[in-house]
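Here's the structure, in structure tokens; my notes come after.
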Amino acid sequence: MVNADPPARLQGKYLAIVVCWLLGNGCLFSWNSMLTITDYYVILFPKYHPSRVLTLVYQPFALATITILAYKEERIDTRFRNLFGYVLFFISTLLVLVLDLATSGKGGIGTFIGICAISGAFGIADAHVQGGMVGDLSYMLPDLLQSFLAGAAASGALTSALRLITKAAFENSQDGLRKGAILFFAISTFFELLCVLLYAFVFPKIPIVKYYRSKAASEGSKTVSADLAAAGIKTQSDNEADLKNQERKGNRQLLMENIDYAIGLFLIYSLTLSIFPGFLSEDTGKHSLGNWYALVLIAAYNVCDLIGRYIPLLEFIKMESRKLITTTIVSRVILIPAFYFTAKYGDQGWMLMLTSFLGLSNGYLTVCVLTNAPKGYKGPEQNALGNILVMFLLAGIFAGVTLDWLWLIGKGW
């Protein structure tokens, strides 16, 4: 095995942080793009509740895929897994653009089924990339994992800002909503291609990344060999390894030791997705902002989610007590009646404040859980635990988008 000593000053740390941020962005950029143009899809498919249906289609594919990948994590090559995910994101985003151009922006059940199929592909890609990257970064510096998670949140903020710009640019032109959506997805397609290139040719060769992957391989990880080979590093054969050092805890034991973190992530996302984006897109009433209102709320959520993921960088604010994290997560349930009564009786200012808090708490608690949980484990165990936690995160999202339909009770459903 290569020298396992840390590189001087952890060379490449800041480059790795930037690349992780961009890769985190690419993990959810395509999906957030589809969510952010719901104003266009609501007009194109007025009878099908696109903001809810697309999310509901996406999640079973994501959850089923991450469950299989988490179970077989130690036998799946990380490089193949992540590259497959980013390439699938690129192809699927391109297909959204092609489908709209091929149908000339016409609605109908056929087009909607096509959009739903692409949404399912996004779910499969998300499970590959999010689980793969979180697991991979869990045995590296916490700063890299935090940067990846912040990048994932930034994708929401960037897509919201980009959507507001494209909507404003074409607002007064004929067929302006569609032109804005087309430009929007063209930019998204280019960005996903950039992520494929970054992961394939830049990320594996950063010194700090090579160091942590070499260290994980020395501790028994079988998932990093292709990435090390891409960086020009050869690993030793199994019969030369220290077998005792390579022993690792099983997935069941890791889950039992971190069940509070796993259930916490499930609760964070089940609550958040029961409100965002469906409730914010369809159930907030009529206001002075008109058809801009839903976009402003979604943008506020995304920006605050991003800010929340940077707050833990301030050590005196970062929450590390397991009991305190769990208590804070459970206390967020008060947001459900708060949103209900604000939508019914409050004005848009109160709704904007609540939405901002929803995003802020979501981002902050996500980073606290995912950066605290892997501490004290060996590289292969941290990788496995990262995959398990992402599985519970995606299960929470699936539960949330299912519960989101309950807001429609009494409204013709």
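Backbone N, Cα and C define each Cβ position, glycine as well.
Marked as transmembrane segment by TrEMBL: 51-71 (among others).
The transmembrane segment annotation in TrEMBL covers 83-102 (among others). Counting residues 6+ beyond its ends, the transmembrane segment (83-102) has Cβ neighbours under 8 Å at 23, 26-27, 29-30, 33-34, 111, 114-115, 118, 121-122, 124-129, 132, 178, 181-182, 185-186, 188-189, 192-193, 195-196, 199-200 in the same chain.
Per TrEMBL, the feature transmembrane segment maps to 108-127 (among others).
Among the features that TrEMBL reports, transmembrane segment is placed at 148-170 (among others).
For the transmembrane segment (182-203), same-chain residues at least 6 beyond its ends with a Cβ under 8 Å from one of its own Cβ atoms are 16, 19-20, 22-23, 25-26, 29-30, 33, 36-37, 82-83, 86-87, 89-90, 93-94, 96-97, 100-101, 159, 162-163, 166, 169-170, 209, 230. Among the features that TrEMBL reports, transmembrane segment is placed at 182-203 (among others).
Only residues 6 or more beyond the boundaries of the transmembrane segment (258-280), in the same chain, are considered here, and those with a CB under 8 A from a CB of the stretch are 35, 38, 49, 51-52, 55, 294, 297-298, 301, 322, 325-326, 329-330, 332-333, 335-336, 339, 343, 355, 358-359, 362, 365-366, 369-370, 372-373, 385, 388-389, 392-397, 399-401, 403-407. TrEMBL lists 258-280 (among others) with the feature transmembrane segment.
Feature annotation from TrEMBL assigns transmembrane segment to 292-312 (among others).
According to TrEMBL, the feature transmembrane segment maps to 324-343 (among others).
Residues 134, 138, 142, 145-146, 149-150, 153, 258, 261, 264-265, 268-269, 272, 275-276, 280, 284, 296-297, 300-309, 311-312, 318-320, 322, 325, 328-329, 332, 335, 338-339, 342-343, 385-386, 389, 393 of the same chain sit 6 or more residues outside the transmembrane segment (349-373) yet have a Cβ under 8 Å from a Cβ within it. As annotated by TrEMBL, transmembrane segment applies to 349-373 (among others).
Per TrEMBL, the feature transmembrane segment maps to 385-408 (among others). Residues of the same chain lying 6 or more positions beyond the ends of the transmembrane segment (385-408) and with a Cβ under 8 Å from any Cβ of it are 49, 52, 55-56, 58-60, 62-63, 66-67, 69-70, 73, 126-127, 130-132, 134-138, 251, 254-255, 258, 261-263, 265-275, 278-279, 282-283, 366, 369-370, 373-374, 377.
A Cβ distance under 8 Å defines the sequence-distant neighbours of the transmembrane segment (324-343), meaning residues of its chain 6+ beyond its ends; these are 260-261, 264, 267-268, 271, 274-275, 279, 283-285, 350-351, 354, 357-358, 361, 365, 368-369, 372. Within its own chain, the transmembrane segment (108-127) has Cβ neighbours under 8 Å at 27-28, 30-31, 34, 41, 44-45, 48, 50, 53-55, 57-66, 69, 84-86, 88-89, 91-92, 95-96, 99, 390, 394, counting only residues six or more beyond its boundaries.
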